[in-house]
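Feature annotations, reproduced from TrEMBL:
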TRANSMEM  35-54  transmembrane segment
TRANSMEM  74-94  transmembrane segment
TRANSMEM  100-119  transmembrane segment
TRANSMEM  131-154  transmembrane segment
TRANSMEM  160-179  transmembrane segment
TRANSMEM  273-298  transmembrane segment
TRANSMEM  304-325  transmembrane segment
TRANSMEM  337-357  transmembrane segment
TRANSMEM  363-382  transmembrane segment
Amino acid sequence: MLVWMFLRAAAQASIVVLLARQLGSQAYGQFVAVIAVASIFTPFVGLGLSNMVLRNAARDPAHEAIYFAHAVRWWWRSWLPCLTVAAVAAITLLPNGLPFAAVCAVIGAELLTASLVDLRARHQQAQQNTHIYGAINAGLPAIRLLAFGAFFVTTEKTDAAGILWIYAASSLIYAFFMWPMASSQACSSDALGSEPMTVSNGLPFSLAAFAMKLQGEFNKPLLARSGFGLAGTYNVAQRAVDMASLPLLALQESLWPRLYAQRNPLPQLRRTGLVLLMLALALSCVLWLAAPLLPWLVGPSYESAVAVLRMLVWLPLLQVFRALLNFYAIHHGHMLLIGWAYAIGAAVSVAGVMALVPALGMVGAVLASYAAEAAMITYLFVMTRRQVQ
């Protein structure tokens with residue numbers, strides 16, 4: 001499982017480095033702005049039912065095909081409305097000058113493939129086929145990386161339009177390979193299992209993922225309106241933090257099941273939480289010191305990414321603290337607080353980006369990210385203490 005996770009991360013990091021170096025900050029900024037708009041709406045394709053497939057198929061394996069078939073049916077129904085909304089958002093948010101046909105192709109392919117991969121992977125995860133689950137998730141960035149590599153080997157073009165078409169085509173090819181596995185099991189979708197499988201069950205998962213996407217991606221189209229180079233530069237710095245944080249995230253994912261299994265996990269939470277915070281602080285310090293190496297890795301047009309990276313390096317520390325508060329809230333049965341925290345974080349992030357980015361550019365995007373994390377942490381800290389007491 002961990003091997004597949006790191007292969008996926010390696011493929012994603014390689015894509016960032018390859019595209020950033022080959023395209024330069026301007027064309028790369030065009031690419032990431034389009035992908036950002038598409039990814040914001042991806043959680044609504046399937047209406048969050050992939051998460052219900054994971055839960056229900058694990059609880060009721062005898063009817064796993066029924067749950068999966070029901071999710072596939074809603075996945076088909078929701079794709080076109082989401083594509084329409086995402087296309088309108090792209091027209092509204094993105095500046096002029098982008099190839100419209102390529103933009104629509106990328107949005108459609110991203111919504112279709114990313115949601116299908118998630119649905120197919122969750123189905124395998126519910127059946128405890130961890131290697132297939134990991135392979136499905138790692139396969140999509142891998143085939144995109146191969147497609148981009150072949151494109152740059154066979155042509156000298158370095159424009160965003162070509163990359164957008166390659167991204168769309170490689171995504172659809174992967175969906176083509178995923179679809180037979182989905183369609184072969186998408187039968188008897190009108191039958192019922194023993195577990196609830198309604199849209200209202202899945203939508204909270206969609207809303208939570210949507211809130212996180214807004215917090216992480218809404219800044220890209222707004223930065224692009226001030227200059228595509230700003231969007232490209234900011235994305236490089238942001239992805240550097242994300243990739244460096246993966247080992248920390250893996251440690252957290254291995255910790256939570258052990259804590260949930262304990263009758264009184266709070267003493268252990270304090271001890272291991274302190275260790276995680278110290279590791280996050282160490283990671284932030286290493287990133288701050290290593291930031292000047294970023295232009296050497298992705299190209300000289302990203303010199304300004306060094307300052308942005310150094311401003312973003314303290315985010316993992318806040319994110320770990322928020323994750324510890326999340327566990328504390330879940331342990332005491334206050335899951336609703338986490339949903340509200342995500343909603344507050346998304347609202348603060350969007351408001352901050354809209355207010356600060358036009359005036360401050362990338363600095364405004366950084367400030368909005370910290371404001372969102374601070375708002376979520378404050379809300380969780382105050383509300384959990386109030387409700388537990």
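A Cβ is built for glycine as well, from the same backbone N, Cα and C atoms used for every other residue.
TrEMBL labels come from automatic prediction, so no person has curated them.
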Seminar exercise, completed: Counting only residues at least 6 beyond its ends, the same-chain positions whose CB falls under 8 A of a CB in the transmembrane segment (304-325) are 233-234, 236-238, 240-241, 244-245, 248, 252, 269, 273, 276-277, 280-281, 283-285, 287-288, 291-292, 294-295, 298, 341, 362-363, 366, 369-370, 373-374, 376-377, 380-381, 384
For this session: Please check if the transmembrane segment (100-119) comes into contact with the transmembrane segment (160-179), where contact means 3 or more CB pairs closer than 8 Å and the residues in each pair are separated by 6 or more positions.
Result: yes
For this session: Report yes or no: does the transmembrane segment (160-179) come within contact of the transmembrane segment (273-298), defined as 3 or more CB pairs under 8 Å with a sequence separation of 6 or more?
Result: no
Problem set entry | Beyond the flanks of the transmembrane segment (273-298) by 6 or more, those residues with Cβ under 8 Å of it | 16-17, 20-21, 236-237, 240-241, 244-245, 248, 251-252, 255, 305-306, 309-310, 313-314, 316-317, 319-321, 324
